[in-house]
Amino acid sequence: MTKDYQDFQHLDNDNDHHQLRRGPPPTPRLLQRLCSGSRLLLLSSSLSILLLVVVCVITSQNSQLREDLLALRQNFSNLTVSTEDQVKALSTQGSSVGRKMKLVESKLEKQQKDLTEDHSSLLLHVKQLVSDVRSLSCQMAAFRGNGSERTCCPINWVEYEGSCYWFSSSVRPWTEADKYCQLENAHLVVVTSRDEQNFLQRHMGPLNTWIGLTDQNGPWKWVDGTDYETGFQNWRPEQPDNWYGHGLGGGEDCAHFTTDGRWNDDVCRRPYRWVCETKLDKAN
């Protein structure tokens, strides 16, 4: 009996020792903490997974956005190239159209100029025709009156203030031009007023033209005897100068109209146009 009691006591001691080794049983608060930690771990894992999913989605969308951006850049580049090509083509077409317009404008201007010249020429022909008809009528009247009185200029001569003028279309030296006028019962033109000067300029144009003024025999004289010193003069500045530097020998002894209408002395051998003049009552 005592042995059994000792064995039982020993067994109880072993159980107590085993319990001491294992520690005290877990309390409810500890279990709650363990459960709470598991939940936190699970929540953290879930959040990590969710975050990973979000990152994957964002990465996928970012990749798609990059592809879209590259596509947009390519489309923009293609559009830019296409636009530049179209602009160049339009510029080329515009330049071509501009050249064609300038060509058309040039042609129109030339045609207008030709028409103006033709119109002016036609008017001159009409005026000349009227003058010729008038001269012919005048000559017929003079013929019927046995030529006792002249009331108009010969054909191709121009009447002005009681004188008749003939304008050459060829050129001759001063002496030959003067002889030609004498054969027409006239003389080289003698300019006696500003009005006559203007009349002559309108008919001559801007051409060098001999007039009946010379100093070959001394002082300047008009061929018809008109007084030079007290009469009308229209020399260019510093003229006459009797210049010897022309290399043609001698000085300058004959006067002529210059291109602006003023007078200049020159070598008489130069070939210029000329104007003949005669009084209306002396015209043939």
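These residue numbers are counts, starting from 1, taken along the chain as shown.
The backbone N, Cα and C atoms fix where each Cβ goes, and this holds for glycine too.
Source: prediction; values computed, not measured.
Annotated features in Swiss-Prot:
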type: BINDING; residues: D215, E252, D253; note: Ca(2+) 2 binding site
type: BINDING; residues: Q239, D241, E252, N264, D265; note: Ca(2+) 3 binding site
type: COMPBIAS; residues: 1-18; note: compositional bias 'Basic and acidic residues'
type: DOMAIN; residues: 160-277; note: domain 'C-type lectin'
type: CARBOHYD; residues: N75; note: N-linked glycosylation site
type: CARBOHYD; residues: N78; note: N-linked glycosylation site
type: CARBOHYD; residues: N146; note: N-linked glycosylation site
type: LIPID; residues: C35; note: S-palmitoyl cysteine
type: MOTIF; residues: 5-8; note: motif 'Endocytosis signal'
type: TOPO_DOM; residues: 1-39; note: topological domain 'Cytoplasmic'
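Surrounding the centroid of the Cβ atoms of Q239, D241, E252, N264, D265, where the record places Ca(2+) 3, the chain contributes additional residues within 8 Å, namely W235, R236, P240, N242, W243, A255, W263, D266.
Looking at N78, Q239, the recorded positions in this record, the fewest other C-beta atoms within 10 angstroms of the C-beta turn up around N78. The average pLDDT the prediction assigns to the topological domain 'Cytoplasmic' (1-39) is 52.
Secondary structure of the domain 'C-type lectin' (160-277), assigned with DSSP and counted as helix (H, G, I), strand (E, B) and coil, comes to 21 helix, 32 strand, 65 coil.
For D215 (Ca(2+) 2 binding site), applying a Cβ distance below 8 Å and a minimum sequence separation of six or more within one chain yields K221, P240, D253, D265. Geometry remark: N78 (N-linked glycosylation site) versus N264 (Ca(2+) 3 binding site), CA distance 75 Å. It is 79 Å from the Cα atom of N75 (N-linked glycosylation site) to that of N264 (Ca(2+) 3 binding site).
Sequence-distant contacts of D241 (Ca(2+) 3 binding site), defined by Cβ-Cβ distance under 8 angstroms and a gap of at least six in the same chain, are E252, D265.
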